[in-house]
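Q: Okay, here's the structure, questions in a sec.
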Amino acid sequence: MSQAFDVVVIGAGPGGYIAAIRAAQLGFKVACIDEWKNAAGGPAPGGTCTNVGCIPSKALLQSSEHFEHANHHFADHGISTGKVTMDVAKMVGRKDTVVKQNNDGILYLFKKNKVTFFHGRGSFVAAADGAYQIKVAGAAEEVITGKQVVVATGSNARALPGVPFDEELILSNDGALRIGAVPKKLALIGSGVIGLEMGSVWRRLGAEVTILEGLPTFLGAVDEQIAKEAKKAFDKQGLKIELGVKVGEIKTGKKGVNVAYTNAKGEAVSLDADKLIVSIGRVPNTIGLNAEGVGLQLDERGAIVVDGDCKTNLPGVWAVGDVVRGPMLAHKAEEEGVAVAERIAGQHGHVNFNTIPWVIYTSPEIAWVGRTEQQLKADGVAYKAGTFPFLANGRARALGDTTGMVKFLADAKTDEILGVHIVGPMASELISEAVVAMEFKASAEDIARICHAHPSLSEATKEAALAVDKRTLNF
Ligand SMILES: Cc1cc2nc3c(=O)[nH]c(=O)nc-3n(C[C@H](O)[C@H](O)[C@H](O)COP(=O)(O)OP(=O)(O)OC[C@H]3O[C@@H](n4cnc5c(N)ncnc54)[C@H](O)[C@@H]3O)c2cc1C
């Protein structure tokens, strides 16, 4: 007799594990299936985010930033260290410990919330008697049933056509997060979030980094003024970013990788590197799910087709996170997971796609919410802009990091905040205030009138809001 559940969630990344916990909180009998294995073959729930994405990348960014500070900035504070060295194996080991703490945390949360966890691959068998049969292929094989199924099977790194990842010389995000020694020369293809973050880690540790980008503009989705400021900072750091390139043949050999490309001027260039990270986007993952077998509709990208409520074409089957349309972000997946669990319970789960924040955890950090100036222009919206530089912020000066600015975009007539864009220290934390403000439909003046602690970086947010009406107090 197969175990019967109200809700079966396939995938325990941020979309799946959060959906499972929320469904259990709402009183459902819930199972969550995930196939990710740790090095010992045990369960490692948390998905891409926990195992080879958000968490490990931030652990390495933190370690490499400490290294950079010790090498280049401690002296400004009167601290002398002598020669600073980096034990890469220890850094990677620490990252693995952080990952394991998160894996274990999720297993604990499943127990706490009475979610039954299955370690193995979940696939649709058939629909029968108002429920779906789901095969779990792990150490053993069994079939469970769920009246409702939430698919949260995430995404995989996109490879260049004809250039498969070997994770030794040609690396996806997986291999990029466990390079064993600092490469002398590192090449990356793709200057998106992952390329910039990984490039920053290894540049800080001493690699000569070249990022090749096919598009002619840098960070096209980011507000132009902010992207320009960030590019200036990356150039100063020595992160070499070549835009508008056309990548040709990629060869691997005993000495590493050779990338042949045509640069923006049309010149043929041959780039040698010890390793190549390919970060050109991710593809939705439905491998082994037997989507076709039950008629689950996919689009031409391989994403599961869903409506605005994350409902698929099959009754009682939902899909969330990277495997569906929308930005591939962990917090977007989580919000959809919560909303779906609440909709299953007959509640009105809601995800506001207009207030999903974006963050790039480089130094300076880049964060934004809402529309960019170029989008407002394209949409024909009359707007006012206000900026405030961290150079004029006391806390930023005390920190020794005055790169960048906060920028507000507000409706010209109503003053409603339409977008907030930050490049600078702790942008990832500062953006939350803007998200809250936009969620509550605040005006720039609302933020300008709120008392902000002194000295704090958040005062730059208040000042940028004041700048919308051209009345900054400290600049
Ligand atoms: C290097 C890197 C850095 C990133 N940094 C950030 C960041 O800072 N902030 C941010 O918001 N996002 C970041 N992301 C993106 C983020 O990781 C994803 O958006 C997020 O993980 C998507 O969550 P998900 O639940 O949809 O899928 P995933 O996290 O991919 O999880 C899917 C899970 O489903 C499991 N699975 C798949 N198929 C099956 C099956 N048939 N049976 C059982 N289990 C299955 C997989 O093993 C996996 O555990 C980063 C990504 C990368 C690669």
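From the backbone N, Cα and C atoms, a Cβ is placed for every residue, glycine too.
No curator has checked TrEMBL annotations; they are predicted automatically.
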Q: For the NAD(+) site that TrEMBL lists with GLY190, SER191, GLY192, VAL193, ILE194, GLY195, LEU196, GLU197, GLY281, give the additional residue from the candidates GLU167, GLU168, GLU213, GLU300.
A: GLU213
Q: Please give me the binding-site residues out of GLY192, MET328, ALA330 that lie within 10 Å of CYS54 (disulfide bond), comparing Cα atoms only.
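A: Checking Cα-Cα distances against CYS54 (disulfide bond), the binding-site residues within 10 Å turn out to be ALA330.
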Q: Please report the distance from the Cα of THR153 (FAD binding site) to the Cα of LEU196 (NAD(+) binding site), rounded to the nearest angstrom.
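A: Pair distance, Cα basis, whole Å: 25 Å.
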Q: With H, G and I counted as helix, E and B as strand and the rest as coil, say where DSSP puts SER155 (FAD binding site).
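A: Looking at the DSSP assignment, SER155 (FAD binding site) belongs to a strand.
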Q: Any of the binding-site residues GLY190, LEU196, GLU213 with a C-beta atom under 6 A from ligand 1? Give them in order, or none.
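A: Listed by sequence, the hits amount to none.
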Q: Please count the residues of the domain 'Pyridine nucleotide-disulphide oxidoreductase dimerisation' (356-465) that DSSP assigns to helix (H, G, I), strand (E, B) and coil.
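A: Final tally across the stretch: 42 helix, 33 strand, 35 coil.
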Q: Per residue, counting other C-beta atoms within 10 angstroms of the C-beta, which of the binding-site residues LYS58, THR153, MET328, ALA330 reaches the highest number?
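A: Per the Cβ count, the most surrounded site is THR153.
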Q: 10 Å Cβ neighbour count around CYS49 (disulfide bond)?
A: 24
Q: Can you tell which of the recorded positions CYS49, GLY190, GLY192, ILE194, LEU196 lies nearest to SER155 (FAD binding site) in space, using Cα positions?
A: CYS49
